[in-house]
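As recorded in TrEMBL, the features of this protein are as follows:
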type	residues	note
DOMAIN	6-150	domain 'Flavodoxin-like'
BINDING	12-17, 59-62, 97-106, ASP132	FMN binding site
REGION	187-206	region 'Disordered'
DOMAIN	206-447	domain 'FAD-binding FR-type'
BINDING	ARG350, ARG382, ALA383, PHE384, SER385, GLY416, LEU417, CYS418, SER419, TRP596	FAD binding site
BINDING	THR460, SER515, ARG516, LYS521, VAL522, TYR523, VAL524, GLN525, ASP558	NADP(+) binding site
Amino acid sequence: MPSPRLLVLFGSQTGTAEDVAERLGREARRRRVDCRVQALDSYPVVNLINEPLVIFVCATTGQGDPPDNMKSFWRFLFRKSLPSTSLCQVDFAVVGLGDSSYAKFNFVAKKLHRRLLQLGGAALLPVCLGDDQHELGPDGAIDPWLHSLWEKVLGLYPVPPDLGVIPPGVPLPSKFTLRFLQEAPGPCPPEPHAAQADPPSPPSEQRPFLARMVTNQRVTGPSHFQDVRLIEFDTADSGISFVAGDVVLIQPENTARHVQLFCQVLGLDPDQHFTLQPREPNVACPERLPQPCSVRHLVSQHLDIARVPRRSFFELLACLSPDALEREKLLEFSSAAGQEALHEYCHRPRRTTLEVLCDFPHTAAAIPPDYLLDLIPPIRPRAFSIASSLLAHPARLQVLVAVVQYRTRLQEPRRGLCSSWLASLDPGQGPVRVPLWVRPGGLSFPQVPDTPVIMVGPGTGVAPFRAAVQERVAQGQTGNLLFFGCRWRDQDFYWEAEWKELEKRGCLTLVTAFSREQERKVYVQHRLREQGPLVWELLDRQGACFYLAGNAKDMPADVSEALESVFREEGGLSGPEATAYLAQLQRSLRFQAETWA
């Protein structure tokens with residue numbers, strides 16, 4: 001029988017779904033199944049009707065939303081005009097990634113599964129619901145599901161007897177070959193970041209704009225535990241345009257110290273140059289890598305050596321290890337039974353890829369360079385809410401960045417790659433350029449004039465609301481109610497003078513909660529309850545829109561609870577009526593939230 005064409009499409013926000021999709025691709029290749037792996041929005045969705053076998057891997061984000069790289073696909077698939085027989089030739093299966101502590105657990109995967117059935121697709125298996133809360137993480141559900149999937153697929157398309165399945169301990173061929181040059185190339189072509197000083201409009205991930213950093217200013221007090229930066233970029237001549245609620249994506253790079261250590265542990269010469277060639281015709285070289293490329297550029301700007309590695313990293317590393325002791329430990333970490341040990345070793349202390357390689361020196365020294373791109377995924381851009389309006393600051397873009405640093409049991413503090421890199425840049429010492437581009441965010445502000453807005457933004461969650469207030473004030477909109485919370489008035493009250501000036505002008509009503517300035521901690525949800533009459537008046541009688549931004553841990557649930565309390569006390573609603581009222585606000589987009597872990 002002919003080998004099937006398997007298509008694996010993923011929608012991924014943080015990279016977990018992409019990692020599962022790549023795992024599916026590897027397991028397919030072991031079973032001699034021709035397989036392509038693509039992000040959903042990079043796939044021409046009209047071609048879906050011609051695909052015999054499709055596996056969808058999709059995460060659920062925020063309040064039950066699809067990831068950014070599947071939003072176009074999502075809109076297309078839910079068109080009412082699509083015939084109910086559109087996918088009658090397609091066998092499919094859906095893997096979901098979610099967290100059962102959230103109300104809309106795996107909402108996207110469940111809804112996608114139902115929609116594919118409505119369009120005539122035939123489900124090979126029930127939807128797989130990966131759960132971050134499982135003791136083995138998503139793999140707790142994915143491992144047995146994949147076992148059943150391959151039984152189904154190989155029942156339909158048996159492995160040719162003359163080939164057989166490639167056993168797990170044998171490494172698959174690498175996706176690329178690195179051909180090292182005998183000598184450094186002549187006048188080196190400019191590398192992508194330098195090449196994009198004047199990119200076509202608008203900038204994108206493939207062609208970011210190299211924005212000049214204008215200022216990089218610490219805005220928390222000297223005694224505050226956290227370093228928070230207000231950073232401003234010059235976007236003149238970039239083709240970049242944005243409105244309140246949009247986000248900027250910034251492409252960070254690894255530190256010079258980590259690059260040097262990585263090259264040392266793997267025995268690589270950072271100044272050596274190579275060309276990259278795919279082994280298979282349907283695999284493209286990464287667009288952001290120049291040809292030829294230096295090892296230093298590959299490691300500093302492409303390989304994510306500062307991330308916590310996933311299970312797939314240990315699987316491949318075990319295949320490549322020549323050392324019996326190290327290989328035994330790597331095999332344990334890559335097995336289903338070893339996931340608790342892997343969690344203790346790697347995930348709990350947030351051990352990085354580079355640190356793992358240092359812990360397995362014999363294996364690291366033996367890694368063939370061809371496998372570097374299979375082993376280590378690319379550095380992902382980081383998204384930040386834009387904290388300024390073009391109407392107030394033309395040709396400028398500002399972000400509020402909390403520098404991530406914390407301790408685990410490991411000696412060296414854990415540091416956020418992008419925030420630490422940004423904090424290290426000093427435009428006062430010479431020109432600094434940062435690759436960035438803009439995309440729509442999760443918040444959209446009212447287009448109807450005179451619609452009041454209620455905004456709840458504790459800590460750095462206030463960033464998108466500064467952009468919104470600046471934009472609305474410039475347009476003559478004065479119905480702006482902002483709840484802001486922080487620890488201390490004199491340490492982390494971002495933009496205090498600006499808010500006070502707008503209050504004086506009658507453009508803003510500001511309600512603050514300084515949690516550490518009294519014995520009992522006071523948060524934004526407490527202030528929301530105190531301002532219940534005003535909140536109810538604005539929402540129920542004036543048609544206000546309600547916005548929430550900030551840390552996803554407890555605050556969103558606490559704010560929703562406070563709102564329901566206001567609906568009961570001020571609106572006279574029963575408990576179920578208050579819950580239904582909030583749900584209606586969410587459905588009509590009069591309640592919008594953008595939260596992050």
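Just so you know, glycine gets a Cβ as well, placed from its N, Cα and C.
Because the structure is a prediction, the values reported are computed rather than measured.
Mean pLDDT of the predicted structure over the domain 'FAD-binding FR-type' (206-447): 93. For the binding-site residues given as ASP99, ASP558, the lowest number of other CB atoms within 10 Å of the residue's CB is seen at ASP558. Secondary structure of the domain 'Flavodoxin-like' (6-150) per DSSP, as helix, strand and coil residue counts: 58 helix, 35 strand, 52 coil. GLY15 (FMN binding site) sits 18 Å from SER419 (FAD binding site), taking the C-alpha atoms as the reference points. With respect to their backbone Cα atoms, ARG350 (FAD binding site) and VAL522 (NADP(+) binding site) stand 32 Å from each other.
Here the Cβ of VAL522 (NADP(+) binding site) has 16 other Cβ atoms within 10 Å, regardless of which shown protein chain they belong to. ASP558 (NADP(+) binding site) is 14 Å away from TYR102 (FMN binding site) when you measure Cα to Cα. Among the binding-site residues listed here, namely PHE105, SER385, SER419, SER385 has its C-alpha nearest to that of VAL522 (NADP(+) binding site). Between the C-alpha atoms of ASP99 (FMN binding site) and ASP558 (NADP(+) binding site), the distance comes to 18 Å. When the binding-site residues THR460, ARG516, VAL524, ASP558 are ranked by how far their Cα is from the Cα of SER385 (FAD binding site), THR460 comes first.
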